[in-house]
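Annotated Zn(2+) binding site per Swiss-Prot: 220, 293, 300, 303, in sequence order, evidence recorded as sequence analysis.
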């Protein structure tokens, strides 16, 4: 306490955090009563000056940044560019979403920083500026929405809407922006109603699991502890420093600076000592913790440390378990309500950027980089190791150090401008991501075409089989534009045959299609001769069998007419079928095909001179009459005709299958042969050379002038072909650029006819819903993409994550790490000790300790990300209850758990030695319950004490229980039944014949007894009962004081009080109702204490 009194008060700006530190120092130095008077005077001073200032809010005080317009224009241009790239098929929808989200988030953060600068420059005494930045009312995010822009909004499912709100609340919202803002309004209402209940239920579970934890004794005499380090963010900035974490803790070991002892064991750490220790030994400060406390059902005073609101050692009888549960659960309710004020604004983190210091040329070594594709779809360089980028320009030279795994957004020797982003630095800690899926919908109505092969999968959905395709590689999916027309079932069934009678006002004519079976066309390929030269040609002979179907493409769709009779009640219709020739000839041209050789001669083989044949094919003329059908319908007078539009789906040209009624004519092919002779020589690469075609020309020696030619460049031009798919923006000529994407249908001399199409870039792992050549409408789901995105830092995400950690789900990283560490440590220790029976005991202890510290840090990080700090001791108490059980396994092998059999404990022989700490639990408690089942949960301390006694130790493995399961596995079935599953707990306890000793707070409350906390604690009641005896005997025995002073013992007043109380009880021959738990639960006489102290 003397450390706080020596502090000097500095003249500084008293914001919210400074006033908080001032109050802490006032309470520690002057006490609570004096602090209350000082704070009253401070409050009066604040109201007095705020009244004189006359701070009030008006619309004129909401000053917007003058840079907002061009910043938003620049962001819109970037968003439009990414949208165009997505339409071209260069990037897929997820990359476009990432780029848009990060662009607008960067713009919003830049406006937020400019808002602070503009307030300081334009009006430093602006009421909005003073209230928000002093912490009196509002925060920076709320002021940013007033004068900056609202930015990106999350929908109720937590997904980010890619359309940002560019307006602020002062300018007013448009209709679209107002509808998007309603998501945030509804989100606040849902959080207030539902998430508050979740936070309250979380508080109930936390209190339930630790309600029996009370400070019962002073010291458990443990030498173990934990090392607390700074908790850092993903960017590396410290959230919570080590100095703040060790304040109020007790040292587990003495600390030395050289040969000088700067702190002794069991010494509490104040603010000044914490500042010194963090500087002298920042990585090796071992402090005592409730996790390492040796007591079974409670925590000792030194392992807990300072009280939360006292600034001194915690009192005996303090119900620290209830305080811990309330301290963790209560911020959840506050943070839930905070969502209402921010309105669901996205506040994700992005990568750190390196920018160019000035204009110049950037140089770096490319052999340490490899090309890759970043999350925005851009081609970048990935650093394989640490890299140095040197920027040279304007007579200056500057070097930038880029760490490994970073992405370079520029090329070597590229000109960069000042403040241009040249690299993205990967965060030191990976950001929290989640896998989500995004459905991509069709912008066009048409036909789906895959450019890559896909794997067919089956998925049961709503009782039907949904066939989807899984894309293993990167590719494109095209939608060819077209129109879709559908007819109802009544129109399809309104076709009548000859001699039928019909009624009035119904459709009497319709068109139908005939389906016929087809025969395959057999191709017979005959290899006539092989020419080893530039090309290899084959002869093909096709024989078309009789009855082969010819597929005719109907280019012009027919119209459907509906005839409605109005004058005659009944009418007889006569239908005649008149054959006609629809397409008289079938012309099939077989061109010269270029095929690859399946076998080659060996290298350096001379082929003999032979006669080679080169064939050229003429056109094949086939005379094949086809038979079609035509319906004739006589129409009576007074008939009205209505057009129904087109029939069927015309996404692509319809195919009509027609049957040949007459055999085809034979095919006549004229064959032409050309012959030549040549020698050829094959090298090992398979290229052919004409030996006789080489000539050597010898020229006279002449003098030539060396002239340089500059301005040379290569010109590339795409040669369009029919059926080719071309993206928007492609140059088909040197100056002609396509304005739309499509498929080339026909090519003329001065124009190209395209079929309008829309490309979609497919990433690996994308699911394709329609089959190839399927027809879809506009707005149908085309593909589903799986990707990772940053979690929004909001309590909707934060509170379930904290609950997930506290409930220790099976997929939790801490649970998986505990199992892996246990297996690894068991195998390592077994190799050293060569004893599996003892190695798992050490591995269980170490792996459990590592998981406990990791879980404490993870829970602390969740709350720190919301701006709330929880004292580590509260989380440690909850984690201690979660990890206090172990699971018994069979066959002495903790790595192999079986499901059957019994574990019987051999009883120790009579008269065998028992350890001293075993006396705390009656031996009959173990002997009477010597049978256990595999996978049964037993307390870790009980399992350790059992293994101290028996010859063959029982094998067990560590487990991490959630707070719900830990509440249902306690020593009190009364507490379990009052929490959950009352009937199950009571029936199971009755079968097991369990006994409840009613030691916890909840059990005593249920039976109306005094709770064992505070004045109801046995230690405190003993002090009150024997207080008068203590006061009388204290004045008589001054020998005790002299003895203590002569030895210079550093005993606390509480320890002296307890020792002397034990002496008073012994001298009056009165026995207390309970032990005082001093020196292994024994009451020592005064002479014994003196002998111990002398030794």
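Positions of Cβ are set from backbone N, Cα and C atoms, glycine also.
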Which of 293, 303, the listed binding-site residues, has fewest other Cβ atoms within 10 Å: 293
Other residues near the Zn(2+) site, CB within 8 A of the CB centroid of 220, 293, 300, 303? 217, 219, 222, 288, 290, 292, 294, 295, 299, 301, 302, 304
Which of the three DSSP states, helix, strand or coil, fits residue 300 (Zn(2+) binding site)? coil
Using a 10 Å radius around its CB, how many other CB atoms surround residue 300 (Zn(2+) binding site)? 23
Name the secondary structure element type, per DSSP in three states, that contains residue 293 (Zn(2+) binding site). coil
